[in-house]
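Visitor: Reproduced below are the annotations present in Swiss-Prot:
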type	residues	note
BINDING	L121, G125, H126, L127, S355, P356, F357	(6S)-5,6,7,8-tetrahydrofolate binding site
SITE	H228	site 'Plays an important role in substrate specificity'
MOD_RES	K229	N6-(pyridoxal phosphate)lysine
Amino acid sequence: MFPRDVRIESYDPELAKAIAAETQRQEDHVELIASENYTSPAVMEAQGSQLTNKYAEGYPGKRYYGGCEYVDIAEQLAIDRLKQLFGADYANVQPHSGSQANQAVYFALLQPGDTILGMSLAHGGHLTHGAKVNASGKLFNAVQYGVNDQGLIDYDEVERLALEHKPKMVVAGFSAYSQVIDWARFRAIADKVGAYLFVDMAHVAGLVAAGVYPSPLEHAHVVTSTTHKTLRGPRGGIIVAKGADEDLVKKLQSIVFPGIQGGPLMHVIAGKAVAFKEALEPGFKAYQQQVVKNAQAMANTLIERGYKIVSGGTQNHLMLVDMIGKDVSGKDAEAALGKAHITVNKNSVPNDPRSPFVTSGLRLGTPAVTTRGYVEQDCVDLANWIADVLDAPNDDAVIARVRDAVSAQCRKYPVYG
């Protein structure tokens, strides 16, 4: 029997110390990594529930274990809410991550050696869109498209590559692209060569759910996403589709289980259900609108301070700061800003002369600060402080001044009140 009063602090003080330190870091540092956000206490409560104890291989109403009547309720709630959120008629909430959701789509619809056409990681794509170091680039013949000199997706190049290589699947989506994607154009290109259109909307799923970014579900054969990032849920993955035929649905269902996964993480699925309910609330739309306003305020301020934003600005939650020609690398900029309690990530930019371990860019995003309550003026201030540090990355006095300002701002907007 486990006594209910045992806490991590008393049983495992070493781990408790690390958790406490991370909790304090999240309160004291401003979070600008575009793929990070804060979950609600309700989501965390679900993840910490006794649902973690339950094995539930299979799907609601069709399990390989007994005793699943209550976890069936949790998973069905997640499925129904997810369908409502995106106007989907198919939803799978079992993928453990966005990468595994993507893997499921590839394995369901392709054979090893088939050609896929995806966005280059160096130009804003994702590892799982055909990067050579990823399984998607090893198991499949991955052809990569990129952006033009203006930092925009070159749809003519995408079409030319599709006509030349005849991919079985066209992959649309990104990890570092700040403009609106023309999903209809991608579908037209895919149709020209008889390919599937697969969209990974992990970064913009929350914006799509709120109607502030175009939905790919009207155009794609299948769509995946993570459930954290702009959706503000637990870390996990989903697969959705609209108008999918029965054969496609069967392939997707059977590849997630038993194809690539065994038992689903029922406590995480419960957390997803909570997050989807939160995303259906009226306030979620206002939150996502503010995310975009904050990103635009930040990007415009950085441009005014002499920093180049790839594509010239942003229409979503993120921006990519191009520092080619600057004296500071992405790696050094990340470190200097970290000392000032501003958390960012270094990122390669198009035609980057530096290695991916050093880079000439920074990726910034506003989902987390917007969750804290930041509005445009706060992000203007933040962008000016970022520019101050980037202008003098080795000046301890500047870093100390910015750190003090950031600390005051964080106290004004606590993560958890």
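These residue numbers are counts, starting from 1, taken along the chain as shown.
Cβ coordinates are placed from backbone N, Cα and C, and glycine is handled just like the others.
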Visitor: So which one is it: of the binding-site residues G125, P356, which has the fewest other Cβ atoms within 10 Å?
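Guide: Candidates: the binding-site residues G125, P356. Fewest Cβ atoms within 10 Å: P356.
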Visitor: Distance check, please: Cα of K229 (N6-(pyridoxal phosphate)lysine) against Cα of F357 ((6S)-5,6,7,8-tetrahydrofolate binding site), rounded to an integer number of angstrom.
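Guide: About 23 Å separates the two Cα atoms.
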Visitor: Between L121, L127, which of the binding-site residues has its C-beta surrounded by the fewest other C-beta atoms within 10 Å?
Guide: L127
Visitor: Report the member of H228, F357 (the recorded positions) whose C-beta atom has the most other C-beta atoms within 10 angstroms.
Guide: H228
Visitor: What's the number of neighbouring CB atoms sitting within 10 A of the CB on H126 ((6S)-5,6,7,8-tetrahydrofolate binding site)?
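Guide: Here the count is 24.
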Visitor: Neighbour count, 10 Å Cβ-Cβ cut-off, for S355 ((6S)-5,6,7,8-tetrahydrofolate binding site): what number do you get?
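Guide: Excluding its own Cβ, the number within 10 Å is 11.
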Visitor: Within 10 Å of the Cβ of K229 (N6-(pyridoxal phosphate)lysine), how many other Cβ atoms are there?
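Guide: For K229 (N6-(pyridoxal phosphate)lysine), the 10 Å Cβ neighbour count is 28.
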